[in-house]
Amino acid sequence: MTDLNKVVKELEALGIYDVKEVVYNPSYEQLFEEETKPGLEGFEKGTLTTTGAVAVDTGIFTGRSPKDKYIVLDEKTKDTVWWTSETAKNDNKPMNQATWQSLKDLVTNQLSRKRLFVVDGFCGASEHDRIAVRIVTEVAWQAHFVKNMFIRPTEEQLKNFEPDFVVMNGSKVTNPNWKEQGLNSENFVAFNLTERIQLIGGTWYGGEMKKGMFSMMNYFLPLKGVGAMHCSANVGKDGDVAIFFGLSGTGKTTLSTDPKRELIGDDEHGWDDVGIFNFEGGCYAKTIHLSEENEPDIYRAIRRDALLENVVVRSDGSVDFDDGSKTENTRVSYPIYHIDNIVKPVSRAGHATKVIFLTADAFGVLPPVSKLTPEQTKYYFLSGFTAKLAGTERGITEPTPTFSACFGAAFLTLHPTQYAEVLVKRMQAAGAEAYLVNTGWNGTGKRISIKDTRGIIDAILDGSIEKAEMGELPIFNLAIPKALPGVDSAILDPRDTYADKAQWQSKAEDLTGRFVKNFVKYATNEEGKALIAAGPKA
């Protein structure tokens with residue numbers, strides 16, 4: 001049994017006093033009772049749905065609040081954190097010690113004299129590189145969320161649990177002094193890397209706790225040479241590991257969920273001396289337009305112990321997954337064992353031999369697959385390119401490019417080149433190959449079919465792409481296969497999908513200009529400057 005007196009003393013050391021009761025690492029059964037009990041009001045209230053899962057609302061915060069994210073500027077962070085600047089804006093805004101202390105006082109005062117849920121878990125399936133996390137909250141469903149998302153310790157591990165990092169969630173409190181303190185709003189998500197504490201105020205969005213710890217793994221791991229990556233990962237029957245990087249909507253979850261392979265994880269991973277390991281103990285899946293037919297694994301994972309966020313629940317308790325009236329970002333969190341085809345008992349495997357960058361190019365320029373050199377790997381990893389189609393009033397659809405460093409700029413705490421260095425070093429040691437896979441559009445105006453994309457992924461994973469005869473795509477100087485089994489050869493060179501190849505040329509020059517302009521911010525150090533040659537040249 002965990003010594004609750006010890007836990008109370010540790011809470012007092014944080015500034016949380018006169019706690020009425022500590023509900024320590026509650027069971028799923030207990031959480032279910034707590035979040036559905038009569039008398040709960042507002043966003044604390046859980047609603048039982050016909051799926052068996054409980055649904056909650058997070059109010060106006062239906063996604064992360066990057067504008068309210070701050071990191072304390074001190075001796076430890078001043079020269080290590082990738083701070084926002086005029087030339088390279090990001091979400092790492094500095095906060096002084098006095099402001100931090102006032103926010104900490106607000107949160108600890110909010111949590112004092114309350115009945116609290118304290119959940120201890122691990123971030124990272126690697127014993128050597130994990131962070132022991134303690135989450136303190138007064139809200140039952142928030143305790144449920146972190147029980148789903150972090151790795152659940154055994155009874156034995158809980159006996160002597162020493163937290164490396166504490167998340168204090170004070171979602172009910174806001175900051176009245178934000179204007180004088182020069183902050184963005186009354187809400188805050190603040191980190192102190194010296195005290196190893198995250199404070200949350202004002203926002204009820206569950207993902208702040210998950211992505212907050214991801215940002216911290218992104219700080220601590222690369223500094224000791226361990227990869228920290230925004231990617232999904234799976235492993236084949238022979239132990240061959242593949243990792244899939246990609247921004248939202250590029251196919252990261254869909255393509256890594258493969259009946260022929262076991263899932264390691266769907267979102268956050270590390271790469272250490274043993275191999276690839278999941279940071280999480282659960283999945284946080286989008287549910288908008290979810291159907292059993294299209295995503296059977298996720299659909300079937302929504303049952304008792306899963307937690308739905310911001311979905312529309314009908315009067316009979318059924319869920320309308322097509323209703324995005326609260327937000328398009330409807331979500332479900334569930335423990336990873338709700339998915340059948342997973343790596344057990346620990347979500348980790350050997351070194352990755354295939355590294356896949358997914359992009360959905362709405363410009364119709366990039367090839368469906370290309371093999372990258374080590375320099376190109378760094379260049380396209382730092383660029384983190386994808387493009388969306390946005391409708392205009394005349395009915396013309398124009399592509400909007402997105403460049404997100406390392407396919408996850410919102411969560412990077414160090415300079416992007418540090419992640420690229422670690423990735424390429426790990427890849428070289430493992431003899432891994434990198435591929436750029438475009439799941440977007442080509443000259444036909446249609447999106448590349450999921451059948452062809454799956455054929456491409458199969459060719460990468462079974463090694464047949466290595467035997468293919470290769471050509472080169474000009475401007476980008478990318479190596480592209482001339483034929484692949486099960487894939488329409490007519491699409492492999494994007495120029496061939498245009499009736500007029502000059503059209504591809506002009507679009508390629510346009511996209512090149514955007515890549516070049518975006519990459520300027522990385523040319524501030526020698527490594528960055530050296531990579532310019534690996535990018536496209538008009």
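Cβ atoms here come from the backbone N, Cα and C positions, even for glycine.
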Residue among HIS230, HIS289 sharing the Mn(2+) site, where Swiss-Prot lists LYS211, ASP267 as binders | HIS230
Return the residue out of TYR205, TYR337 that Swiss-Prot annotates for the same substrate site as ARG64, LYS211, ARG331.
-> TYR205
Per DSSP, to which secondary structure element type does ILE448 (ATP binding site) belong, with helix, strand and coil as the options?
-> coil
Near-site residues: substrate, ref ARG64, TYR205, LYS211, ARG331, CB cutoff 8 A to centroid | GLY63, GLY206, GLY207, GLU208, LYS210, TYR284, ASN329
CB within-chain contacts under 8 A for LYS211 (substrate binding site), separation at least 6 = ARG64, ALA410, PHE411
GLY246 (ATP binding site) to TYR205 (substrate binding site), Cα to Cα, whole Å, comes out at 23
At the Cα level, what's the spacing in Å between ARG331 (substrate binding site) and LYS252 (ATP binding site), rounded?
-> 16
Given the binding-site residues HIS230, SER248, the candidate whose Cβ has the fewest other Cβ atoms within 10 Å is SER248
